[in-house]
Structure formats: structure tokens, C-alpha cells
Amino acid sequence: MMQAFLRSASAHPEAAARSDMVRTWVKQVRDLAYDVPGVRHHRPNISACQASGDQAKPRRSPTSPRPGALRVVSVYGMGGMGKSSLVWAMHNDPVLLDEFDCGAWVTVPHPLDSAEAFRRRLRKELGVGPGQDIGQYLREKRYRVIVDDVHTNEEWENICQEEWENICQVFRFNNAKGSRIIVTTRREDLARYCAGHVPEWQGHVYELKPLRDGESMDLLCQKVYKATEYTLPEDMAEQAKHILTRCRGLPLAISTIGGLLANRPKTSIAWKNLHEQFGAELESDLRNIPDVIISSYHGLPYHLKSIFLYLSIFPENHEIRRNRLLRRWMAECYIAERRDMPLEDVATRFYNDLINRSMIQGSKASRGVGADSCRVHSMVRQIIQSKFIEENQLFLIEEHSNEARQRKIRHLVVSRWKSRDEKLQNINMSYIRSLTILGKFPGICPTIFGEQPSSLISPKMRLLRVLDLEDTINMKNDDLKHIGELQHLRYLSLKGTDISKLPTSLQNLRYLETLDIQDTKVRQLPSGIVKLEKLQYLIAGINFTKDLLQKMRDSREKGHEARLFGDIEAYLGCHRSECCEVWNVNHFFVGAPEGIDKLQNLLMLGVVKVVKENGVAGRFKKLINLTNLRRLGVAGLAEEECMELCKSIGGLSRLQRLEVRSISIKFPARMDDSEIPRHLISLRLCGKLIGMPEWISLLNNLAKVKLLGTRLNQGDIARLQNLRNLTSLGMWENSYREESLRFSASTFPKLKVLDTDGLEKIKTITIWEGAMPQLELLWMNRCHSLHDNNFGVSGVQYLQSLKELLLKNCGEKQNLIDTLQEQVNRHAKRPKFLIGKSRIIL
């Protein structure tokens, strides 16, 4: 009955907004729903919010700026104009990335107390150790630092100037490398103040203006029809002009309305009705633009409203990982179960729906593959967060936060907290459903857990479902001593912390669904973990990404493996010479206890250490019990164990992603048809692969392959070339051992991304006409042996769909560059050609 009432109120927000009685009633019913112990719920809400979409793209100069004095570029414009989106695109642009030695994105905390507070944030973003002087680190580098959201509150004008002075102090050292500081703000006077505050710095001010009529129409069509060159019928074009007139060229409003129109009937009558709903007040005052966003929010289906508001928990301009968000949604019971679809797939569909509707901005961690993370526009976040706080659903503990008005707080977020903060005394911990520590940001007090762990992780949190401690600094094992008393906990993330041992009381969390200990110092799972029958996601080890590759390089170059990684030989049980064959990566896993195969609800397991002592090796047939397993990552296998593993996983019909890390990997050359894992869509291999098996050419669902240290030859690569759904191939350090790499005609029919990195022996890459017809991105990095002539890389002009060609860190090869430029010039689509730091070619 409560669900039905709240759903009805959400469907008629105008009526609910006009009646104080209805508003009060809705709030009371919602509060009561939360107070019912153990009830699975969907968070009801009839609040207003707004959304964001694609914004204006930065214009790039075809030539590199000349080195010289430090420059400050101030970008200003009203909220929703796309300032942060513009600068974010620049921050991640491959062209500009190559132009600078390092870069950082720093969102300014308000108020900014001191230069040291900004210095800590900058140090964290640059990855500089706490004991290293930031000025010394940057002095000989060409750096790019984005300072986002310098305060715009008119009442705080003096404070704003003091904040900018604190920021300037951090950069007061000699640097003649042509470095850049880019500032975003809403006020012109503040933008000019920042650009001209230090006379010796060259300042520039850039106003981001509203889109022109043609640009506005292009953006609208892009959001509605996914194409900028779409021609609207005359009657719909007329309605579109009326709608765009009220949006006044504001990209945020246009993108949001476009997302709403994309999910409605594409008729002139439907668009006319929507136009009439906006209200005439928008025609005269752009400050009322949130009303346009609110219209889009009310147009959301009921099941999307609560999960959208939940995004206000995360900080401004923060990249929210898709998997983190989806698993939190599921733990909070915001995703309803369906008979025809697994819960994770339902959550993924909702996530993609929010992106398609332009309510959130999807960003691509792996270009050409999919949106692995998302962001919420700052204006949108302000609205949904204020509503969340107003309803006493959310409370933020910051250095200058207000005290909680009531004791019933459902979601507690800590970002800046002094050790003896009295704000916590007004919060009844027994009502909290989620606790999020934003420890990634150095503004958080480093003694949070050291001095008062009981005030946060406390048995009083009897209804806590989500405990998200990702990247929290200075955590100690003892801080988890009460974890076993949180009986309703469903999501526990220790990702990126210094935790090295999990408490035995973890076994008491009988409802736990997600345990994320990735990037921690944990090396062995406690035996009691096999009692967690509800566990679905067990994530451990170090992620198989380019970050892993960089850590290997840093370790090898600096020669401090023991300090960075600990006792590698103890983890692997191998000699150092053997470890070096794969650059010391296959120790990034944890030991799994006897009986791990009892966790039959597991959807994800890895990366776990498989050795005879823990009772898993030699018993791979037990993995067949894990019938729901979708992702599996194992490491530390002997050759015969790889053979047994491969035969076992054929029986896991739902397994989609497989990762194997070992010094030596050997798969069966041939397998029975029933044993072949045809359902795999992702394969990651780290270690010397003794021959690519023939049956791999039968894995027609395989979409992504990443190889590291595999030492393959041309024949091995040929076994991948006819896979009809392979879209992404990563060949990283020491994965290929021959001097030439060839792509024949009619091979790799669906490949979109080819990423080669650290192939030191390769001298020639030859592409025949008809090869890789859908390839969009061709990246070559750290391939130092490439010939400096027309044989180095040939056939680029045959790649019909190529959008970007990257040649980076391959040495001084002017003849090769000229040859590639000629091939690009002959290409019908004139793709971008990106090379090292000294030059950019478009």
C-alpha cells in the first residue's frame, strides 16, 4: 500500500507540490517504509532534479604552444553552459595529454582553508608521495592543472580571492616549460581576477557563450536521433525551434530536453505538448533553467527516479565506476528482481537508460568499448543533493557542514571531518543504511579511524546495508573489529585501502553480497568466508589494466620490488628469474580457502591464488558447482593445472570473463566440443603462453582479449583473426615475440580497437587491404624497434573506419612519421594522427 501511494504521488508531482498535506503525508509514509526492519524497498521520491549531456567540444590548435612562462586560462560562463565538460574533454584529450609531462584535476573545496589543503589534493592527484615537495616535483616538468569551480558566491568575494591566493602559493616556483593552470568559474570578475592576480604569469580569459541556433539544433538532433545531420520534418522542426528558443542556447538544457524527447513519440503533437509544459517564465529568465531539467526528471519512469537521486552521494565531478554504482543499487534493494533477467543485467539496463536519457554523462574508460563510468553535472547534483538532504535521507559531514536537523539519517557521507566532531552526536546511527567515506580526497582528517573508529564503524548501525570505504586513507586492520556485528551488511568495499587482514568475524555477515578488497594488502582470505552463502561478488588482487603495466614499469625502473610488492618469491613459490619473465605481475592475487566452491551464488571470483595448499588446485572440477559464475580470475597455476582449469570451465555455461595469470600458461591443444567455453566474451592472459590453442578460433562470442607477457608469434595471432565478434585486442608488454606483425585481408572483421604497448622487438606492422574493416583506433606505444621508413607501419590507408592513429614513445622516427602522415592524407576520412610530446598532427 505504501508503494502504491508513493508511486501515485510520483506520477502526479504537480498536485503533490501544491498541497502541504500531501507533501507531509509522502514524507511520513516514506519515513515509515524505511523504518520497517528487514523490508526490501525501493526508495520513493517525488523530488525535482536536473540532468546533463554532451557539451561544447574544445577547439584544438594544430600546432603545439611554445614553451615559456606559466599561463593561467580562466573559463567562465553561467551554470549549465558546459565549462567543466569543456575542460574535462581537454583534460582527457590524447592530443593534449601528449603535450604535457603530467596533469591533475582538482575540484576546489569550499572554503579552502590554506595553501596546504590545496597542496594535499594536488599531491594526491599527481601521485606524489607525502614526503616529496610538490614544487620540486613540478619544477622541471611541463604540467597542466585544472582548478575546477573556483567559488562564485557573491557574499564570499573576499574569501574567493583568498582561496585563489592559497592556490597560487602552491605554484610559486620557477618553471619555464610552458605549463598551464586552467580555472573554471561562473563569474567574469572572478575569472579576470584569477587570470591577472600574478603579473608574471600570462593570463587569458575565455567566455563560454550560449550555442547558436544551428549548433543548438545539431545538439538536439544528436540527443534525439543520435545524429547531428538529421533533417527534421517541417512540422517537427517548427516545434523544435520553439523548444530551443526557451533553452536559450544552454547545452545542459538542450541535452536534457533531447534526452527526454528521445524517449517520447517523435511527433509534432508530442513535442508541442512538451513545449507547453515548460512554462513561459523560461523565456525571460535563464536562471529558471532548472525547471527545464525538472520536467525531464518528472518524465523518468518511476523505477529510475530513486536510483538517479542516489547519485548525489558521490562528490562533484567525480568519476563513478559503473560496477560500484550498480552493486550499491542492488545492495540498497533499488533494483527489483525479474524472472527473465539477472539482477545485474536489470541494473545495467537502468544505468544505460539514464545515460541515453542524458540524465548522467557516460565516460569511456576504454574507448570504443563502453561507458565504464559516469559523472553527474554539478548543477544536477546540487538539486538532487539538496532534496536528499532536505528529506533527511542524506547528511554530509564536512569541515564546515551544518548539524543534522533530525536524528533519522539514512545515508551518511564523510568527506572532511575533525577527530572529535560533535555533529555525529545528533545522528541516530541505528537508522543509517549506507556509510560512504570519501577518503580519496586528502582533505579528510588522517586520524578518522585511528582515534574514533567506534563512532563510525559501530554495532549501533544495525540496519547498515552499504559500507563503502574505497580509497580511505590510513585505515588499519583494527578499524574493522566491529564489522561482524553489522548483520544486515550487503556491500563492503575496502578497495584501495591499507587493510592487510580481514577479521574472522567477517563470517557473520550472512547477507553480504559484495566484498571488494581489490588494491589492498590482503593476501589471504579467511577460512570463514565460505560461510557467506549470499556472496555474489568477491573482488581481489590488482585489476588487469594499463595501471598494472605502469606499476610493473615503475618497479623495474626504480628497482624497489621488495618495498612496493613485498616478498614476491613467497607469493609465487618461484625463483626471481622466473618472476621476471612476466615482470612480476602474477603475485597480484589473494589466497582462496578450502571450500570456496561452496559459494554457489558467486557471480564474480578473482583474482585468487590457486595452490595445492589451499585445497583448490587439483579440484577444479568443483568449480562446476559455481553454476552462476560469470567472471573468474585465477593465478599461480602450474601447466597441468591450467589444463585442468580449462576443461572444468567448459561446464560453467554462464561464465563470460576469464583471467589467468601465471609464469607459464598451457591450455589443451584440443578439447571435446562440450568442453570448449564458447560463452566467453572476455579473455585476459598474463604469463608465457605455450601455444595459442586451436579451439580458441571457435569462441565466436569473444569480444575483448588482453595479453601481457604471453610471447606469442604470428601463428598464435592468426587463431584470433577470424573471431566474428572480437572488438578489442590489447597486446601489451612482452606479449609478442616476433619482429613483424601482419594483418591479412578479410581478418579481424569486427575489431574496433588495436592497442599495442611495449612490444620492444617488433620492427614492422603490415596491414593488407581488406584487413580490420571496422578498426577505429590504432595505438602504438613504446614500440622502439619499429623501422624508421615506409616498412615500419604500412597499410594504414586501407583501414576504412579509422578515426585515430597514435604513435607514442617510439623514439625519433621522422621518416616513419612522414610516411604515416602520407598514408593519413590518402585516407578518405582523414583520421587524427597523434604522436609524441614534441608535435601534433591533425
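Even glycines carry a Cβ here, placed using N, Cα and C.
On a predicted model such as this, the values are computed, not experimentally measured, just so you know.
TrEMBL annotations:
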type: DOMAIN; residues: 70-228; note: domain 'NB-ARC'
type: DOMAIN; residues: 313-384; note: domain 'Disease resistance protein winged helix'
type: DOMAIN; residues: 459-542; note: domain 'Disease resistance R13L4/SHOC-2-like LRR'
type: DOMAIN; residues: 591-832; note: domain 'Disease resistance R13L4/SHOC-2-like LRR'
type: REGION; residues: 43-68; note: region 'Disordered'
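Put simply, of 70-228, 313-384, 591-832, the stretch with the most CB pairs closer than 8 A to the domain 'Disease resistance R13L4/SHOC-2-like LRR' (459-542) is 591-832. Residue counts of the domain 'Disease resistance R13L4/SHOC-2-like LRR' (459-542) by helix, strand and coil are 17 helix, 13 strand, 54 coil (DSSP-based).
The domain 'Disease resistance protein winged helix' (313-384) scores a mean pLDDT of 82 in the predicted structure. Helix, strand and coil residue tallies for the domain 'Disease resistance protein winged helix' (313-384), in that order: 32 helix, 12 strand, 28 coil [DSSP].
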